[in-house]
Every structure is written in C-alpha cells, then in structure tokens.
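Below is one structure, written out as structure tokens; comments come after it.
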Amino acid sequence: LFDGVYPLYLQQRKAFVFDVSTIIVIVVFLTFACSFLLIIPGIRGRARLYWTVRVLLSLVVGVVIVAVQFTGDWETGWVKANTSYKSFSHALVNADIGLHVGLAGVNITLMGNPVNQVNETINYNEHFAWSFDADYDHSYSEGLEKGLPSPILYVAEKFTMQSPCGVHRQYRISGHYASATLWVAFCTWLISNMLFSMPVLVYGGYMLLVTGAFMIFSLLSFSTVRNSPMCLIQFGTATLRIGYGGSFWLTLAIGLLCFVSGITVVTLHYFNLDLLKTFFDLREDNVEEYQDMTEVFVNPHFVSKGL
C-alpha cells in the first residue's frame, strides 16, 4: 500500500466456491427446470408425478456433474492465527486463513478479525490456476509483484513447482484426469436420457450405472493427491489442515444416486417390467393403442370374394 492507496489488480478476483462459470451452469439447468414446470400441468393423471420425479432427478445429476468442474472446494481448510501481515513489518494481525482446492487451481482467503486492522482492510481472496493452459508459477510471481499479504504468498508457495513439498505436479495431473472422467460421465448421462426416451429402458439403466462409475473414478483420481505427503502449513502454533470439501462429497452422493437408480431400473426390468413401464409412462400408451382398435370394419366385397 502506498499512502493508503490499494494496489492495482489486473485480474478479476475469483470466489472460492462460486464463480461466473458455475453460476452460468446453474442458470442454464434452472431454465430447463422452469421450462418443464410450465408444461407439467398438461400431463394427465399419475404420470405427472412420475415425469416430475424423473426430470428433476435427471437435471440434478446433470447440473452437479458440470458444476463441480468449476467449484473450488474439493479440498478445504481454515485456521485462525496471529500472523505477520506484510513483508518488512513486525506488525501482527489476527485473521482467518482459508485454503480451497479445486480441479483447476487453488483459492487462498485471508480475512481479518476484525476486518479493519493496522489501518487497513484485510479481506483477500486470490486464485492461482494450475490447469494445463495456465502457469501457476507465473501467477505466483504476479502475486509477489502486486505485494499480496505474506500469509497468502506463504500458502501459495507450497504449491509452486520449485517448492520442496512437490505437490504441484500431483494436484495438477489428478485434477486434470478427474475433470476428464467427469466430462465422460456427462456424456453417458446424456446417452442415458436418450435411451430412457425410447422403449429400451434397461439400456438406460446400464448407462446410469456407467455414469455413476465414471463419477467414482473421478473421485479416485482426485484422491490420489493424498499419496504425496503434504507439507505443514504453519502459522505460529496454529496449523492449517485441509480435508475433502463439499464438491467432493456432493459428487460422491450423486454417483451413489446414479448407482441406486441404475440398479433399480435393471432390477425392475427383469422382475417387474409392468411397474417400470408405468413409471416411464409407457404402459398407458399401450392401453390407449388397444382402446383405439375396439371396432373393426370389414369390406364385404373382399369377404364374399374370398368365400
């Protein structure tokens, strides 16, 4: 800071849980959901409930698969500590320091308790990307040039390529493959919806199982970061420890939901096909077809000619 003037940030700050990409995904799926709710009154009888359950559950699975690609809380941790605020100064501040790890980078949060200390506003949230089209070390160097607070630079330095921790490569590759398997899960989710719209329900159930499997594979890929020992992030006597965050557990829950739904569809196909057709609104169509053919007209000319 120079005479109370804040440094110039050339890049836009990014929220550690929600960013623009996540909000766009949620808005798109909410638009689909609202559009369906507008036409749901036109569906008659019990089929209205079945359609609502099927469509909303499918949209929840889809939005989670896409949204967790952009969230930043696959791993998260907080610590409250008294720490130095900036270089070449012995002033200590009391602050909450947060670390939020996503598939494409890490967010580091610094918030003072209270926010206004040492005549400054301590409220930072900085994003450092490590995706294959980003240079993490360059972002860290820019943070040094901008004069970010020492706690943020201290935590960010743990993930650089030159750090003795050696976790940069592991996090980068694990996040890349986790993201790739999630996109495959999204494709299989689309295929399952196509199959459910046709009279091949059992294959839709199989694709739901494949969707759940790829979501679990993404979790296994990300969890390999635990194979590399993480350096201690120490602030005096306080230690910043991280654990699996909301996006990790949400992906696990939706993956298990896909497994349960797929197994249910396959089981009903082999043991109670009528109930399965009723849930997917196929049985009523067959009944209506039979009702349309209650009266048969025969040309007497062809009958007498055949006799």
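Cβ coordinates come from backbone N, Cα and C, glycine included.
Annotated features in TrEMBL:
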type: TRANSMEM; residues: 20-39; note: transmembrane segment
type: TRANSMEM; residues: 51-71; note: transmembrane segment
type: TRANSMEM; residues: 91-110; note: transmembrane segment
type: TRANSMEM; residues: 177-196; note: transmembrane segment
type: TRANSMEM; residues: 202-225; note: transmembrane segment
type: TRANSMEM; residues: 246-271; note: transmembrane segment
Exercise for the section: Quick one: find which recorded stretch in 20-39, 51-71, 177-196, 246-271 has the most Cβ pairs under 8 Å with the transmembrane segment (202-225). Expected result: 246-271
Practice task
State the non-local partners of the transmembrane segment (51-71) in its own chain: residues 6+ outside its ends, Cβ under 8 Å from one of its Cβ atoms.
Solution key: 17-19, 21-22, 25-26, 29, 32-33, 36, 40, 43, 102-104, 179, 182-183, 185-186, 189, 193, 196, 211, 215, 246-247, 250-251, 254, 257-258, 261, 279-281
Handout entry: Folded-back contacts onto the transmembrane segment (177-196), same chain, C-beta under 8 angstroms, at least six residues removed
Key = 54, 58, 61-62, 65-66, 68-69, 103-104, 203-205, 207-208, 210-211, 214-215, 217-219, 221-222, 251, 280
